[in-house]
Amino acid sequence: MSSIASVGTHSVDHHGEHGHHHESFWTKYVFSQDHKMIAKQFLITGIVMAVFAMILSILFRMQLAWPDKEFPILEVFLGKWAEGGRINPEFFLALVTIHGTIMVFFVLTAGLSGTFANLLIPYQLGARDMASPFMNMLSYWFFFGACVVMISSFFIESGPASAGWTVYPPLSAVPKAISGSGLGMTLWLISMVMFIVSQVLGGTNYISTVLNMRTKGMDLWKMPLTIWALFLTAIVGLLSFPVLVSAVVLLIFDRSMGTSFYLSELVVQGQILPNEGGSPILFQHLFWFLGHPEVYIVLMPALGLTSEVISTNSRKPIFGYHAMVYSLIGITVLSFIVWGHHMFVTGMNPFLGGVFMITTLIIAVPSAVKSFNYLATLWRGNIRFTPAMLFAIGMVSFFISGGLTGLYLGNSALDINLHDTYFVVAHFHLVMGSASIFGMLCGVYHWYPKMFGRMMNEKLGYLHFWLTFVGAYFVFFPMHFMGIDGVPRRYYAFTEFPFMEKWISVNVFITWSAIIAGLGQIAFIWNFFASMRYGKVATQNPWGANTLEWTTPVKHIHGNWPGEIPTVYRWPYDYSKPGHHEDFIPQTVPFSETMSSNLPHDFEGNVEAERIQREWERANAATQPESEKE
Amino acid sequence: MIAMAQYTQNKEDLTQQKAKKFNLWLGMIGMFMMFAALSSGFIVYTAGGADRGIKTLLPQAFIYSTILIVLSSVTMQLAYVAAKRTLFTRQRILLVITILLGLGFFAMQVHAWGILSDRGVVFVNSNASQSFIYVFTGMHLAHIAAGILVLVRALVGRMRNVSQVNNVFRMDLAALFWHFLGILWIYIYVFLLLNQ
């Protein structure tokens, strides 16, 4: 016994030393190698980028709603990009491009995975830190650099990249094509390369930590679903981001050295370009081989976070834990063989289109399994409507309503009508945009006490939820109807086309909804930053959750646990287990302490344990008074 | 009791090392995906028309560079074995030889580019299949440059007398990475040979 105690104290000393010796302001807050600090860095950078991209979207929404109106204030801020108080067409394209790029990559990839993989993987697995804390730090700083470069493109003469977030050549490959194809595009490419480096560094770390650094007793089937989701997300990222590197490298050669990978027989501004024989479709193949898995990189962490939050706040075990894991694995595998559904109308062989259609529609199966399991977990649960829980339920709602339209878009024949219309915009903003951001916000509300040691204000949380939830549906739902009517996305002025003019009234409605929902985010921003200082001090386990992160002290220490890392004995979803005096049993509680609630399948076929349990039950059935029996 | 504490500590260090080595494996998977993407890009592009394709014989220099990199893998492995047996002088000499062979490989590849462009098979080319040769070899050379840095780091570690555990660990990672680069080159070479 004494030896165990001394091990404990030794580790405390050891980690205490670490804490005091080297930590200056720079190593603690800036070039930190501590996973908790890096998670906060990712989160705050992600929030800043999200606000930035949201403002961009409000700007182009204003143009869409009031194409003929002048807003002199815009000229004050944007100068020549809004001459006479109207956004000009080049800048409009830049706005949609950068809005998409920032939201998809910087907010929902880095901001979401970066924050929660860093925070939760070591915490929920019982590790002192990541496999390589140094790589982890590099990962953040590459991301930060990428953000700076991306935003800096707003401050150059020719403006930011404007070829859409998918940067298809030739717009992206011919620097003279439009003003955004010049330096702005170059900066976009530099930023993306830095971003990919960041993702690969981070991703390898996440995978390696999950596979190598789990605490004693934490086998793969005892991992919380958050970890499963973040783990599989990292695998998808590792396999797909390098492909984008190749695509981008070839694009850079085409842009600056005059090769002809993607370019072919073009005439730009009266001049014949020297490039011959290139294939722009090649870029689309390479891009979407990343691009499609990317949407699952965005979505899966949200699925993981909400699984955890819904189970905890329903006070019920997650319904179908294994099914949840297998459907995540299914989504992971399928995500690599569906990229062609973005290219149905590129002149693809119809047979190949049919293959991609089938693989795409099969994704509905694991997605439906997950939706069903979410609903079944909620069913007759003892639900606590915390703000995190509301956002989790909101995520399920968006996942279903946005996912359904995927069935239409995934159909290669229907896609001829629907592709590149507002129907697509509605679809992916619901299923990928809103669902993922709701997953992220759910995570922020739920793990805020773990990150900052204080609670967020619930009332502001509810206000934020309802404004965002209703706002998102008001913004994106009407777009389905515009899309069915054939209104194309990315168009600058609806007044130019008679058949689109009738949609302007809808655009006004959407823009007002967007503005109000946007203002609703102030409730969140205020809540987030003010609660760091004024929030109620958090208790160690404020939600009554089972996972390991809630066994760490409220005040952060280097190495997470004072003394030995706890051992894990059970799965993370023992909520409201019959026979137990509390409605949750943390993973660290051994079965020997919960004799009254153990079930035969808990012992996974351990005969000795089953025998002990039976003996205990026999002994207790004899002595227990009648009133305490179940 | 102290021994016990030491043991716990060592065990945590060991897990850490294992995880770092695993990181390298994952990194190599990522790098492989990059070249897999280029290969499929090449196939898709080349299949697009009869006027596409490499349409030239690869220079002899690529055979010489293959020999160099295979030799360097052998010396690297010997250096690693020497490090494990604490034969430090031998380890140092073999590492230096490996680095020199690596530099030789680098030079030979650049030489091969010279031969190709003398034949008119240049990088900026309306037949992008030929440009692809440069992309494959160039991207691989960028990795070789990184590999040489890793080798130099292992050598510097040896010179500065880092602990034997660290010395072997660095050599282990360096050898793994260097063999990977060799195999990657052989893959690229065979791929290009099959398509020439």
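Cβ atoms are placed via backbone N, Cα and C, with glycine included.
Positions annotated as domain 'Heme-copper oxidase subunit III family profile' by TrEMBL: B:1-196.
Per TrEMBL, transmembrane segment is recorded for B:24-45 (among others).
Summarising the annotation, TrEMBL assigns transmembrane segment to B:57-81 (among others). Nonlocal intrachain contacts for the transmembrane segment (B:57-81), taken as residues 6+ away from its ends with a CB within less than 8 angstroms of a stretch CB, comprise 90-91, 94-95, 97-98, 101-102, 104-105, 108-109, 111-112, 115-116, 133, 151, 171-172, 174-175, 178-179, 181-182, 185-186, 189, 192-193, 196.
The transmembrane segment feature in TrEMBL is assigned to B:93-112 (among others). Distant neighbours of the transmembrane segment (B:93-112): 58-59, 61-62, 64-65, 68-69, 71-72, 75-76, 78-79, 82, 137, 140-141, 144-145, 147-148, 151-152, 154-155, 158, 178; these residues of the same chain sit at least 6 beyond its ends, with a Cβ under 8 Å from one of its Cβ atoms.
The transmembrane segment annotation in TrEMBL covers B:132-152 (among others).
Residues or ranges marked as transmembrane segment in TrEMBL: B:173-194 (among others). If one looks beyond the transmembrane segment (B:173-194) by at least 6 residues along the same chain, the residues whose Cβ comes under 8 Å of a Cβ in the stretch are 20-21, 24-25, 28, 31-32, 35, 39, 42, 54, 58, 62, 65-66, 69-70, 72-73, 76-77, 79-80, 98, 102, 133, 136-137, 140, 143-144, 147, 150-151, 153-154.
Packing against the transmembrane segment (B:132-152) from elsewhere in the chain are residues 31, 34-35, 38, 41-42, 45, 54, 58, 76, 95, 98-99, 102-103, 105-106, 109-110, 112-113, 116, 121, 123, 173-174, 177-178, 181, 184-185, 188, 191-192: each is 6 or more residues past its ends and has a CB under 8 Å from a CB in it. Regional average pLDDT for the domain 'Heme-copper oxidase subunit III family profile' (B:1-196) in the model is 90.
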